[in-house]
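Quick notes on the structure that follows.
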Amino acid sequence: MPKRDDIQTILVIGSGPIIIGQAAEFDYAGTQACLALKEEGYRVILVNSNPATIMTDKEIADKVYIEPLTHDFIARIIRKEQPDALLPTLGGQTGLNMAIQLHDSGVLEANNVKLLGTELKSIQQAEDRELFRSLMNDLNVPVPESDIVNTVEQAFAFKDEVGYPLIVRPAFTMGGTGGGICYNDEELKEVVSNGLHYSPATQCLIEKSIAGYKEIEYEVMRDKNDNAIVVCNMENIDPVGIHTGDSIVVAPSQTLSDVEYQMLRDVSLKVIRALGIEGGCNVQLALDPHSFNYYIIEVNPRVSRSSALASKATGYPIAKLAAKIAVGLTLDEMLNPVTGTSYAAFEPTLDYVISKIPRFPFDKFEKGERELGTQMKATGEVMAIGRTYEESLLKAIRSLEYGVHHLGLPNGESFDLDYIKERISHQDDERLFFIGEAIRRGTTLEEIHNMTQIDYFFLNKFQNIINIEHELKNHPGDLDYLKYAKDYGFSDRVIAHRFGMTESEVYQLRQDNNIKPVYKMVDTCAAEFESTTPYYYGTYETENESIVTDKEKILVLGSGPIRIGQGVEFDYATVHAVWAIQNAGYEAIIVNNNPETVSTDFSISDKLYFEPLTEEDVMNIINLEQPKGVVVQFGGQTAINLADKLAKHGVKILGTTLENLNRAEDRKEFEALLHTIDVPQPKGKTATSPKEALENAREIGYPVVVRPSYVLGGRAMEIVNSDAELENYMEQAVKASPEHPVLVDRYLTGKEIEVDAISDGETVIIPGIMEHIERAGVHSGDSIAVYPPQTLSQEDIDTLEDYTIKLAKGLNIVGLINIQFVIAHDGVYVLEVNPRASRTVPFLSKITDIQMAQLAMQAIMGTRLKDLGYKQGVQPYSEGVFVKAPVFSFNKLKNVDVTLGPEMKSTGEVMGKDLTLEKALYKGLTGSGVEVKDHGTVLMTVSDKDKDEIVKIAHRLNEVGYKILATQGTAEKLKEDNIPVEVVGKIGGDDDLLTRIQNGEVQIVINTMTKGKEVERDGFQIRRTTVENGVPCLTSLDTANALTNVIESMTFSMRTM
């Protein structure tokens, strides 16, 4: 069938900022879709609020709007651009919900905009729990016993009928937001209240729990001619009860008989046909392990996290083909881009095993509730490919970057068996490693199965891994056992530990005896057809399918799984670096392990190696490919941390030299450099023991900032005010980075400034200076950044320019450098220097039209910036004001304090741009999920040190018509200044302030931290209640001040004559 010719312009809605449940997979999907539509000759308009994406580059669509993803802003774009059609199924749940709102409000009809792909009726049938249940009943497809509720009372009525446990699934949400498993009345009340709050339809499905069933997923495609295929089927190792995004997943399924596989395949195709899906779709099913009974859990009528995984697992580009199906093309007329000869209607076949393991943020949030359920908690994921299940699992484990390298915890021997079993009986992120530990101690597989309901197939595989460990220990240095262990995915590091050797000795033993991996191609067809996909994985077999060319090569290290502190920004930089390498005529090779990203799309680089980012795995590739050099500065701390290890093997690190990378990180060397170039920093010292840290802090004077060196995202960084706090910190921090010392610095309050620069060794260009709204002490990734700076004098800017050039030249930077400064009462100080790409690179690149990562890569390859027409120093400002606002996922993580400080907590970001600061801030705040209202009620409860400052904010909010509530101490201060205020009772009192928040009486909460970070403190409860009820909680008065400016700009002041 020919593609549609009744439409010319298509609007694509992106998924917005990275949050738990909606990560980089939608940048990958959206980028693919936009390029596919342009390929077919359509004009593409893209709207997305996330600047850290490849999708929002000007080259990806004909017009790109970086605006808040709200009904009003998208309606304006529709009225302005007059698109013929809207494609809603590639922007995650956000895009889907937006399309429904635009349809329901009449905007689409009023502007003659058609919906492409799956019809709205079908989307609503899949998303609306009641309609879906009704359709399944018509099809005779079993669904768990359930009820649809709109109130807590209805939920209790259903509970009385069927009893506990119950699963709560809110409608029209993603990542299981607001849902959970309930075992008692208290949990049911809390979860249903939350679920109704987060569901746009105020609707929850409550179903009898089928926890313990196998969870199976089918990723399916269908076109308008009713051609339908299964792209990939996947099995969750964890049974039903844990969100699939938090489950360890294997593809293809390993424990289904052919009868079971075909039965569930038939059901999946029957359901998508009944729904009328056109494009990609994910079907989740539950299968009784002891019979052929099954239930359908849910259907996602859109491209999802699972479809990104299925695309990377098979090589089959789901989002690209879904976009083409949406404009009328059919599966039997589109060629499979992987083979170039077979058609897209052929179902992919796998001759390898895929393992996906989620990456959780609990290294950041040690007090966060680790228990896993139906609400997703992982920030990202890793994928690994192997010829055996054991191989793919062990490769995935060592990709996680938790400091865990194998099926067990580093300190596993120290736990007693009772504790290990206790941990296994709870579903949390470390259960897999405790299972390994239990098997090592002789616990039977039957006992583990009874505790976890994990299939014996997988438990036997874990047992096999432990058996191989024993054999290695019993046969140290034996080449047959070495080769056998490599076949099953063991790393040199683990083998060395069992052999009683060093890792480098095992590496040498392998080299001397030619025990090396070969690289196999991912080709969608198990080598049935000729294929030229440059997409490879390593395994210990005989035939190598990765043909090495004569071309000069540059290898780029990716940034691994998405986590707090290292997000999609680094993937953006990686992709741009690859494009620059290709433009310069080199062969570009990527090594990465994240299935969600654009960089692991095989069409981006000349060769993609989907492998763990470890010394061993990367060196194996380097030994084969012999690149000219390796680029580490675009892959975040993951890649930087490998530089030293690779250099010891004689690998050339391109760009800033290893010596200079280390000078920026080594405290003493960096201080010596600052002294030489005359750039001041806050007084600080290095400590290698708690005793030394205390001596340093007393000498410098409290408050001090303490942090380990060589970390990203402010990991384990804290401001401490006393000996007692410091002693408590040292117990934690030395754990965070044992091989590196702790830095103790004077804490300076003042404006924080961030600068990104590019240097070729001679010329230093500064694309932009960003001013943070929150003063120093809040991590730069959690601050609102403003470009151009709004309150700096020309003298400040000249000083920042001078210091940046001195630092870049002093460190002999070739490529990118990111510097954070503080402007205190007595001048400008340098806080931190990162000799690599930073998370502000995409933001500044979008604003200034300077492709920073590409320019840096050109400098790394020897191009002079002067020859490209750039002059040294700060580049001319772009027109307008641009704001980068952080986005948090606190509503997904229980027991995590929302207070901002030097350790990063945000998962994503949005951009707001306009002609004035207030308008840009309004867009930034709105895009980040803060509903800015011109009237309402604000609750204030601040620490003593902030009481003078809160008076000014309260006065201004009162002037524009806000009602003010405050706790006793804060209220007394406001009353002294004649500000009308209502006193609210303390927690647990008669007029409990938590009740006021829960009842929806409060629109903003301003709460600053009182001493002591313990979960039990009232402040923590206030902040958590605020987040859980979807109310903006501001923990910095600078943010509160900025919000007040925005509210004032929206309203008129009311004063008597």
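Cβ atoms are placed via backbone N, Cα and C, with glycine included.
It should be emphasised that the depicted structure is a prediction, and the values quoted were computed from it without experimental measurement.
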According to Swiss-Prot, R707, R746, L748, E752, G777, V778, H779, S780, E832 bind ATP 2; which one of Q790, Q820 is listed for that same site? Q820
What is the three-state DSSP composition of the domain 'MGS-like' (930-1057), stated as helix, strand and coil residue counts? 56 helix, 21 strand, 51 coil
Pairwise CA distance, N834 (Mn(2+) 4 binding site) versus L748 (ATP 2 binding site), rounded so that it is a whole Å: 20
Just to be sure I understand the packing, how many Cβ atoms besides its own are within 10 Å of the Cβ of E215 (ATP 1 binding site)? 24
Whole-number answer please: how many Å between the C-alpha atoms of E832 (Mg(2+) 3 binding site) and Q284 (ATP 1 binding site)? 47
To the nearest whole angstrom, what is the C-alpha distance linking H779 (ATP 2 binding site) and Q284 (ATP 1 binding site)? 39
Hey, what's the widest CA-to-CA gap across R707, R746, L748, E752, G777, V778, H779, S780, Q820, E832, the ATP 2 contacts in the record, in Å? 18
Mind checking which of R129, K208, R707, H779 has the fewest other CB atoms within 10 A of its CB? They're the binding-site residues. K208
About how far apart, in whole Å, are the alpha carbons (Cα) of Q820 (ATP 2 binding site) and I242 (ATP 1 binding site)? 41
Close in space, distant in sequence - Q284 (ATP 1 binding site), Cβ under 8 Å, 6 or more apart: E215, I216, E217, T244, I296, I297, E298, V299, N300
Taking the Cα of K208 (ATP 1 binding site) as the centre, which of the binding-site residues listed as R707, L748, G777 lie within 10 Å of it? none
Rounded to a whole number, how many Å is the Cα of L748 (ATP 2 binding site) away from the Cα of I242 (ATP 1 binding site)? 45
